[in-house]
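Here the structure is laid out as structure tokens; the discussion comes afterwards.
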Amino acid sequence: MLSYEVLLKSFPFVLSGLKLTVILTVCSFVIGQVLALPLGLALYSRRWWLRVPAAFYTFIIRGSPLLVQIYIIYYGFSQFPAVRDSIFWPVLKEPFYCALLAIGLNSAAYMAEIIAGALRKIPPGQQEACLSLGLPNRYKFRDVLLPQMYRAIFPMIGSEMILVLKASALASAITLMEMIGMAKLFFSRAYTPFEPFIAAGILYLLIGLVISIAFRVLEKRLFIPASAGSWNPLKR
């Protein structure tokens, strides 16, 4: 039976893992966003030698469970002597960096598909206008296509950060003591299965709410509201 006294006691215990959860979420999100843009551009490209490897990567990452990816990076790579003898071993032997890498790579695959999809829905007339003006590709993307694309997908970027936050809970599977890890530790000591995980769930909801509000405020400050007839790739 649920004990409110135990629930209140579990909050500060679970909260002690908040710092690691936030660090893991923010760093993984940044890695995902940085990698997503070149991946998305590769998916959008007409050059098969760019598009096919990017499509294969997103297929593998999106088609397999994130937990499996974390296990492969943390437990699997260490089985190869070449990895243990490489310059990457000081990073790959640490559970934090393995979780960071797995979640960041996973997020990048999903965001790359969103970016490529938004770019494909930009009206072809805009690209024809860039061509008629003689704009090089780098200026076409930097000044015309990417600003519109990011404006359209900005709410989805906020949603992706919330997904990364929830994905960070899987880091407890490789001994990281973020909020879920602390909830498991509380459970192992007090033998109360409900209270610590309810506390963790409430904290995740609150953090997700803060992220959602922050992105809505940023959207209003960074982007001028679209007019009724303006292009929106998310509008059907």
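Heads up, the Cβ atoms here are built off N, Cα and C, so glycines get one too.
From a predicted model like this one, the values you see are computed outputs, not experimental measurements.
Per TrEMBL, the feature domain 'ABC transmembrane type-1' maps to 18-215.
Residues 50-51, 53-55, 57-58, 96, 99-101, 103-116, 119-120, 141, 157, 160-161, 164-165, 167-168, 171, 176-179, 207 of the same chain lie 6+ residues outside the transmembrane segment (20-44) yet bring a C-beta within less than 8 angstroms of a C-beta in it. The transmembrane segment annotation in TrEMBL covers 20-44 (among others).
Positions annotated as transmembrane segment by TrEMBL: 56-77 (among others).
Long-range Cβ contacts of the transmembrane segment (97-119) within its own chain (Cβ-Cβ under 8 Å, at least 6 residues beyond either end) map to 24, 27-37, 39-44, 54, 57-58, 61-62, 66, 69-70, 73-74, 91, 145, 149, 152-153, 156-157, 160, 163-164, 167-168, 170-171, 174, 176, 233-234. The transmembrane segment annotation in TrEMBL covers 97-119 (among others).
Per TrEMBL, transmembrane segment is recorded for 152-177 (among others).
Positions annotated as transmembrane segment by TrEMBL: 197-218 (among others).
Residues 2, 7, 10-11, 13-15, 18, 21-22, 154-155, 157-158, 161-162, 165-166, 169, 179-180, 182-183, 187 of the same chain lie 6+ residues outside the transmembrane segment (197-218) yet bring a C-beta within less than 8 angstroms of a C-beta in it.
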